[in-house]
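*Asks:* Sharing a structure, written as structure tokens. Questions coming.
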């Protein structure tokens, strides 16, 4: 029994073909939107590429870009097919193409759904990439004289100013690394030498942060050095006073930023998927209705259209049987006891049963 069968008149078929022709051109625009969203996300990720570890963070934008290009191609072809389907004579040349086209379009719409869902599942990979990338960027913050790392100080400073954050997990990350270059340390100073000797690794560690961690909205001048020393500043209590530096870590700030972008892109991709799915359903109805018109032979009469010719269970069983039988054609069974399939073929009796065999004379 056909699933969701609908009866179409000649007028309804023509209107359906015209509507689908317009919707396919709208779908071309939706493909351009998907492409643009993927390109935008890729550019935004590339902007912070210096503070991200190499990973699969580009899988989502690459998926959206690919799906967007395929959408433009498929829907452009679909518009041409639907336009010709208003004429039964023109439809005959597309008759064999329609079903493969619908199958390919179904796979394509499934890819859109996967891309939309990936926007919501990418957070863990992105968080790990940011954690590792920011850790290395902060670690090499002081290496302003080393080729390949000299740009990291500016990158980290601009990042902390732009996103109002400090450190990887927080401002205390700066307490655990030497972020001041040796060239700016006075090696003749006893205080500097004592700090270098007091550390096992010989690093110059201070309870301070770079200037880019300062909050310009604070009414008090920025306290970026000796943050945990109450006696170093007038009327200052580290434990109770609100610090005038950014408290949020840059990993959290960047993760919130990209999560908001991907959430918006995911919603847009889901809406496009629903739209493409509705167009696909319409094309399926048009294909089955036009096919039945040709079978009936009455181009002006009514015809039935449906989503599936049989029930879901029967269709699933049929497709599973096709998959199972793939590659089994023309195979000869080697199971013991099996007879040759040609043995049971009856031979034609063209004469007497008993035929005397003549002996061959000796040479």
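Cβ atoms are placed via backbone N, Cα and C, with glycine included.
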*Asks:* For the transmembrane segment entry in TrEMBL, name the matching range from 221-242, 243-264, 265-286.
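*Replies:* Here TrEMBL associates transmembrane segment with the stretch 265-286.
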*Asks:* Would you please say which range out of 20-40, 125-145 has the annotation transmembrane segment in TrEMBL?
*Replies:* 20-40
*Asks:* For the transmembrane segment (60-78), which recorded stretch in the set 20-40, 98-120, 265-286 gives the largest number of Cβ pairs separated by under 8 Å?
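*Replies:* Going through each listed stretch, the top one turns out to be 20-40.
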*Asks:* Determine which residues of the chain contact the transmembrane segment (20-40) at the Cβ level, with the cut-off under 8 Å and only residues 6 or more beyond its ends counted.
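*Replies:* 60-72, 75-76, 78-79, 82-83, 85, 112, 115, 265, 268-269, 272, 275-276, 278-279, 282-283, 286.
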